[in-house]
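The site 'Transition state stabilizer' annotation in Swiss-Prot covers Lys7, Lys216. Taken from Swiss-Prot, the feature substrate binding site covers Gly43, Gly44, Arg65, Asn157. Taken from Swiss-Prot, the feature ATP binding site covers Asp180, Val181, Ser182, Gly183, Ile184, Leu185, Ile208, Ile209, Thr210, and the record attributes it to sequence analysis.
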Amino acid sequence: MNPLIIKLGGVLLDSEEALERLFTALVAYRQEHQRPLVIVHGGGCLVDELMKKLSLPVVKKNGLRVTPADQIDIITGALAGSANKTLLSWAKKHDINAVGLCLGDGDSTTVTQLDESLGFVGKAEAGSPALLNTLLSAGYLPVVSSIGITAQGDLMNVNADQAATALAQTLGADLILLSDVSGILDGKGQRIAEMTAEKAEQLIAQGIITDGMIVKVNAALDAARALGRPVDIASWRHAEQLPALFSGVAIGTRILA
């Protein structure tokens, strides 16, 4: 069975209650299914908190964090360090054998600078599946942070939705993007069950989909096109529905290729 990549985002990493719900759902799913799982995460909320403590500015451009040279080491520490190891500690509490990685490990993705005006922000593309396949076949749960490394050895902050997309391409995996919201909402605040590229463009033009959600929707559309299969955007808040989601039941918005 092809692997399933679960991308974690939003305030989930900052909430013990949310992490307890998520890992309880993961344990329940793993007990019933032999499907290999990979977790991909960012940690924007943790980075924002750290920047505030250090009195450093937080600048975002089109939903992407501007990452100057004097901030990339701090962001790497927050994402590949604190956020990643927090998730490993929760896995350990739930007797899940996890391995903490970044996008650069085993050349699992190829990362290049996205746009000079954004600083050390990278774009990830599919790389080698060898390391991840070795870990998955041995029963490990890879937990991958969205820090990448270029061919020149530069650390890059990669949008976690886009990072998860690249890893899904690497592994030929299905992809679920978990966030704070229950899916994509229309102008009346109602969840949209299915979304096409045409519908997304229409809602962006109308100003209904904005900022970080534009990045998320575009990443999901890119993934759906690249993988040739739907991608789900859903909330981690409904823990009782997560095992069904992991089994292919749409509980949020299903992005169609």
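Just so it is clear, glycine is given a Cβ too, placed from its N, Cα and C backbone atoms.
According to DSSP, Lys216 (site 'Transition state stabilizer') is assigned to a helical segment.
Taking only the Cα positions, the spacing between Gly43 (substrate binding site) and Lys7 (site 'Transition state stabilizer') is 11 angstrom. Per Cα geometry, Lys216 is the residue among the recorded positions Lys7, Gly44, Arg65, Asn157, Lys216 nearest to Ile208 (ATP binding site). The residues near the substrate site, meaning same-chain residues not in Gly43, Gly44, Arg65, Asn157 whose C-beta sits within 8 angstroms of the mean position of the site's C-beta atoms, are Gly42, Val47, Ile75, Ala78, Leu79, Ser146, Asn159, Ala160, in sequence order. Following the DSSP three-state reduction, the secondary structure of Gly43 (substrate binding site) is coil. Site extent for ATP: the farthest pair of Cα atoms among Asp180, Val181, Ser182, Gly183, Ile184, Leu185, Ile208, Ile209, Thr210 sits 17 Å apart. Long-range Cβ proximity for Asp180 (ATP binding site), meaning a same-chain Cβ under 8 A and a gap of 6 or more residues, is found for Gly9, Gly10, Val11, Leu12, Ser235, Trp236, Arg237. Considering other CB atoms within 10 Å as the measure, the emptiest surroundings among the binding-site residues Gly43, Gly44 are those of Gly44. Cα separation, Asn157 (substrate binding site) to Lys7 (site 'Transition state stabilizer'), rounded: 16 Å.
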